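Here Swiss-Prot flags C92 as active site, nucleophile. Annotation comment: Swiss-Prot describes C186 as active site, cysteine persulfide intermediate. The ATP binding site annotation in Swiss-Prot covers A6, M7, S8, G9, G10, V11, D12, S13, M32, G116 and rests on sequence analysis. Swiss-Prot lists C92-C186 with the feature disulfide bond. Taken from Swiss-Prot, the feature site 'Interaction with tRNA' covers H117, Q321, and the record attributes it to sequence analysis.
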Amino acid sequence: MKILVAMSGGVDSTVTAYKLKNLGHEVIGCYMKLHGKPNYHEENIKKVEKVANFLQIPYHILDLQEDFKNKVYMPFVDTYKEGKTPNPCALCNRFIKLGKLLEFAKSLGCEKLATGHYARLENNLIKTAVDESKDQSYFLASADKEALKYLIFPLGEMKKEDVKKFASTIEVLKSFATQKESSEICFVEDTYVQVLDQFMDTKIPGEVLDSSGKVVGKHEGYMHYTIGKRRGFEVRGAHEPHFVLKINPKQNQIIVGTKEELKISEFNLKNINLFIDAKELDCEVKIRYRSKSTPCKVEIYEDKSAKITLKDPVYGLASGQMAVFYDHDKVIASGFIE
């Protein structure tokens, strides 16, 4: 089978390419240039070239910087401007890795696209990985349903420690087993605010309000805050911790309150991404990557919006983040929180 492998220069994509080549597939590597972070690509491309030469496979360098800027980078900036919390990895998977890269794979005549994600596929549904601590099904849940039939995740049945051990047994790949793992957001060096600073003044002080609308303090600029944050703002006369409940970007205000006020029992989605045919769901939902799943009921409307009612309340639901719905270990839907 002719397979395009997304290669980053990391241990996961390297072992993915190695395993598929060893199984006798016709493997082609591809490195994606997504952003212009200084010295980032040169080092990675050297690693990809080293692996490609060792495996005796061809590889391509695909410049997707313009697509990435339009579909991931600027929406990241704009979402923070709107006082919401973006999910760039989910957008990148849908539009870039499982979008533009898949188009490129098809243009080369490849039957499948393989990535080093920790996830599995079964009956055209994404499943959680064997290694729960590294499971990436949450970020893949934004994928177009039609893309799933072209995908392979060879590491889905492996634990990360075994992937590293495997690489360490092969002389040429030993260095990949010990290299530092990449950060979650590839274009963020230290903090997201440093990215925003390139486009706007993020340090404009504003008012802190309590939930009744009373001014109780000051903050250093609304873009420094996300829902649930409890530091970096002043609350006069507070005797218990206060958390960000809401952000009003136009007024440069943040509304704060107690942990109890952070509780949410229902929320809405727009443009639900369904992997099964349904008008309602009785399932579990994750409201952020590292959160535990919570039982819920989902009502889906004609315009693809949805209302979610939670069995137990959650804390710190952030508008702009992705909610992912599971039937046990299978992803059945996803959508961005309004």
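Our numbering is plain: 1 for the first residue shown, then up by one each step along the chain.
Every residue, even glycine, has its Cβ placed from backbone N, Cα and C.
Feature annotations (Swiss-Prot) mapped to structure.
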{"residue": "A6", "record": "ATP binding site", "DSSP (3 states)": "strand"}
{"residue": "D12", "record": "ATP binding site", "DSSP (3 states)": "helix"}
{"residue": "M32", "record": "ATP binding site", "DSSP (3 states)": "strand"}
{"residue": "C92", "record": "active site, nucleophile", "DSSP (3 states)": "helix"}
{"residue": "H117", "record": "site 'Interaction with tRNA'", "DSSP (3 states)": "coil"}
{"residue": "C186", "record": "active site, cysteine persulfide intermediate", "DSSP (3 states)": "coil"}
{"residue": "Q321", "record": "site 'Interaction with tRNA'", "DSSP (3 states)": "coil"}
ATP binding residues A6, M7, S8, G9, G10, V11, D12, S13, M32, G116: largest Cα-Cα distance, in Å and rounded to whole number: 16
Among C92, H117, C186, Q321, which are recorded as recorded positions, the nearest neighbour of D12 (ATP binding site) by Cα: H117
S8 (ATP binding site): tally of other CB atoms within 10 A of its CB: 18
Rounded inter-Cα distance in Å - M32 (ATP binding site), the residue listed as 'active site, nucleophile': 12
Spatially closest candidate among C92, H117, Q321, the listed recorded positions, to S8 (ATP binding site) (Cα to Cα): H117
C-beta crowding around D12 (ATP binding site), within 10 angstroms: 26
Between C186 (active site, cysteine persulfide intermediate) and C92 (active site, nucleophile): CA-CA distance (Å): 11
Nonlocal neighbours by CB distance (under 8 Å) for C186 (active site, cysteine persulfide intermediate), same chain, sequence gap 6 or more: L34, H35, K37
Between A6 (ATP binding site) and H117 (site 'Interaction with tRNA'): CA-CA distance (Å): 10
